[in-house]
Amino acid sequence: MTQDEMKFTVAQTALKYVIKNTIIGVGTGSTANFFIDALSTIKNNIKGAVASSKATAQRLENHGIRVFDLNKVTAISTYIDGADESDNNLNLIKGGGGALTREKIVAAVAHQFICIADESKLVSIMGSFPLPIEVIPMAANYVKNQISQKIGGIPEVRKDFITDNGNFILDIKDLKITNPKAMETKLNSIIGVVTNGLFANRGANVLLLGTPNGVKIITN
């Protein structure tokens, strides 16, 4: 089974977590795109969705799924999104596509967070995938220096990339994240950081992991 086939399978499985007649949250990225395509087959069962990026909103609308402004929504039943890495406690690194801030906001509002990924994303210690940090542009060099001094790793500005919020992304390479919650909090305390790609203080409730033998369900 190829990686795309595993993503397709977990996306189909995630439909079981979609609650009828509710508004759901939808993430951003290649696995989330598989889910959006799958969601289109049951779109009449839901009121619509809150999108975590402009790209996701466009894909939802292309499928005829109503997209809601989060400020006009009182509740989100379920948030479904992929991940760049997950540990066994369902702490995540997200934001490889640069949508981490909006993803984190929608995940915070949602009653439950279902993460969908292929088996390559499950690791014992996170950090092999560069950790994204969204920063205010004028603070980029200051934040880089603070990360080098206080966190470690190698922070680099992502070239030719601006977030939907008009900000820069710093990617921190060569990390070993042994305490995800503490690192998430510490990074967010640096002036100029909007947020970082660690989803530990609000991790996933369920991880649907695509494997060659089917979908493995891990709960927290």
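Just so you know, glycine gets a Cβ as well, placed from its N, Cα and C.
When secondary structure is read from DSSP and collapsed to three states, GLU103 (active site, proton acceptor) falls in the helix class. Within 10 Å of the C-beta of GLU103 (active site, proton acceptor) we count 31 further C-beta atoms, all protein chains included. Marked as active site, proton acceptor by Swiss-Prot on the basis of sequence analysis: GLU103.
Residues or ranges marked as substrate binding site in Swiss-Prot: THR28, GLY29, SER30, THR31, ASP81, GLY82, ALA83, ASP84, LYS94, GLY95, GLY96, GLY97, LYS121. Around the Cβ of ASP81 (substrate binding site), 29 further Cβ atoms fall within 10 Å across all displayed protein chains.
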Excluding THR28, GLY29, SER30, THR31, ASP81, GLY82, ALA83, ASP84, LYS94, GLY95, GLY96, GLY97, LYS121, which residues of the same chain place their Cβ within 8 Å of the centroid of the Cβ atoms of the recorded substrate site? GLY27, ALA32, ALA117
Tell me, by DSSP, whether ALA83 (substrate binding site) is helix, strand or coil? coil
Where's the emptiest Cβ shell within 10 Å among the binding-site residues SER30, ALA83, LYS121? SER30
Specify the nearest of the binding-site residues ASP81, GLY96, LYS121 to GLU103 (active site, proton acceptor), where nearness means the distance between Cα atoms. ASP81
Excluding near sequence neighbours, so keeping only residues 6 or more apart in the same chain, what lies with its CB under 8 A of GLY96 (substrate binding site)? GLY29, ASP84, PHE129, PRO132, GLY197
